[in-house]
Amino acid sequence: MAQEKNNKPEHSAEVDQEKKDAMILFLSDSEEKEHFLSKANRKLLTDPLDDDNPITVQVLGICSALAITVQLEPAIVMAIAVMAVMAFSNMIISALRNMIPNRIRIIVQLVVVASLVALVDQVLRAYAYDVSKQLSVFIGLIITNCIVMGRLEAFALGNGVYKSFLDGIGNAAGYGLILIIVAFFRELLGAGKLFGYEVLGHKGATLAESTGLYAFGYENNGLMLLSPMALIVVGIIIWVQRARNRKLIEA
Amino acid sequence: MDYINLFVQSIFIENMIFAYFLGMCSYLAVSKTVKTGVGLGAAVIFVLSITVPINFLLDKYLLRPGALSWLNEEYASIDLSFLSFIMFIAVIAAMVQLVEMVVEKFAPALYGALGIFLPLIAVNCAILGGALFMQQKDFPGIGYAATYGLGSGIGWFLAILGIAAIREKITYSNVPAPLKGLGITFIITGLMALGFMSFMGIKL
């Protein structure tokens with residue numbers, strides 16, 4: 001799959017450097033400050049936003065992504081939750097990578113991810129109960145979200161702690177970006193709102209009572225609120241992205 | 001009657017793919033040909049109809065608030081539901097392993113047909129999703145949970161069968177280059193989901 005391509009070159013060339021980096025990270029992080037946002041590390045953060053986007057290019061993590069894009073707020077909370085889980089699971093697995101026997105690595109990964117997700121779930125229940133109710137089972141489904149497992153397998157098992165952390169943040173950001181774009185269009189066109197505010201004006205019972213766009217007879221497109229439209233919006237995003245970035249086109 | 005209703009509902013109206021997008025990753029990755037699609041679909045039916053009832057028992061007698069009162073009245077106040085994710089995923093991973101071994105031993109032909117798809121299923125969101133929706137729906141008995149698991153599996157099977165058949169045919173069509181592959185598959189899935197919405201409101 002596509003996600004394998006970006007760990008190979010580094011892996012073969014920089015294994016020693018990698019180990020040294022990990023050591024430095026554990027021992028003292030004061031000396032190598034400028035190294036932390038070096039070009040290669042920046043690439044880890046920015047690549048997943050476009051060229052190597054987890055949803056539109058690597059086809060990972062679509063499972064629990066689309067059902068929560070009816071409104072912007074849950075989409076953003078979901079993106080943050082995924083970012084927390086990915087960054088820390090990547091870090092933990094990367095730190096443990098030389099200790100995990102190869103045959104049971106999937107179970108180890110599942111346990112680490114499941115514990116982190118349980119933690120995130122409890123935090124959301126404590127501090128954002130309404131959103132957590134809205135997200136319902138989809139927080140739990142981060143565990144089997146292929147994006148987490150995919151990055152653990154493809155990146156964290158072969159790279160240092162700090163790089164894996166950046167990779168987790170970058171991929172979660174790429175995932176969140178798509179989520180937020182989809183949620184933006186669905187909430188705006190479907191309900192005429194953003195974050196629950198009526199940005200297109202207020203829709204009254206009659207034309208005279210309405211304000212903003214609704215005064216001209218604009219109607220919300222209720223179809224956008226239904227789940228099939230999430231798929232079609234993602235399809236269109238892929239279309240636009242690949243039309244601009246033609247090297248992504250499939251043969 | 002309730003059972004039939006739940007069955008139809010879980011296949012068509014609350015279809016795992018079209019209503020909740022669960023198991024999309026393997027759905028997109030494995031639906032290139034009908035043959036592999038059917039293999040994975042069958043494995044999903046199989047695993048869902050086993051794990052959902054088991055997780056139901058686990059939820060009922062171990063996890064939900066007061067579930068431990070069958071052991072001792074003192075335990076009635078214990079709420080272990082924060083452990084659900086770990087327990088469910090452990091059960092699923094273990095069951096997939098077990099099912100794989102049993103099928104390999106007693107039905108080698110089926111094992112050959114399912115092949116690599118069985119282990120893949122442990123990380124299929126549809127399986128964990130089935131368990132979590134089961135927990136949320138609060139079914140009164142294990143029969144309901146089993147029906148729900150079977151129905152959801154069949155719904156997933158139908159979805160992957162449909163998209164695989166369409167994708168086999170669409171290779172002969174002239175799709176705009178940037179839409180080829182992933183893009184058009186998303187849009188077709190969306191249109192299929194719209195089609196499945198016409199089942200909404202069916203009550204038996």
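Backbone N, Cα and C atoms are what each Cβ position is placed from, and that goes for glycine too.
As recorded in TrEMBL:
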TRANSMEM  A:75-94  transmembrane segment
TRANSMEM  A:106-128  transmembrane segment
TRANSMEM  A:134-152  transmembrane segment
TRANSMEM  A:164-185  transmembrane segment
TRANSMEM  A:222-240  transmembrane segment
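Packing against the transmembrane segment (A:134-152) from elsewhere in the chain are residues 1, 3, 54-55, 58, 60-65, 67-68, 71, 74, 77-78, 81-82, 85-86, 89-90, 93, 106, 109-110, 113-114, 117, 120-121, 124, 167-168, 171-172, 175: each is 6 or more residues past its ends and has a CB under 8 Å from a CB in it.
The stretches the transmembrane segment (A:106-128) and the transmembrane segment (A:164-185) are not in mutual contact, being linked by fewer than three Cβ pairs under 8 Å (pairs 6 or more apart in sequence). Using a Cβ-Cβ cut-off under 8 Å and counting only residues 6 or more beyond its ends in the same chain, the transmembrane segment (A:75-94) has close neighbours at 61, 64-65, 68-69, 100, 108-109, 112-113, 116-117, 120, 124, 128, 131, 135, 138-139, 142, 145, 147-148, 151-152, 155-157, 159-161, 163-165, 167-169, 171-173, 175-176, 179-180, 182-183.
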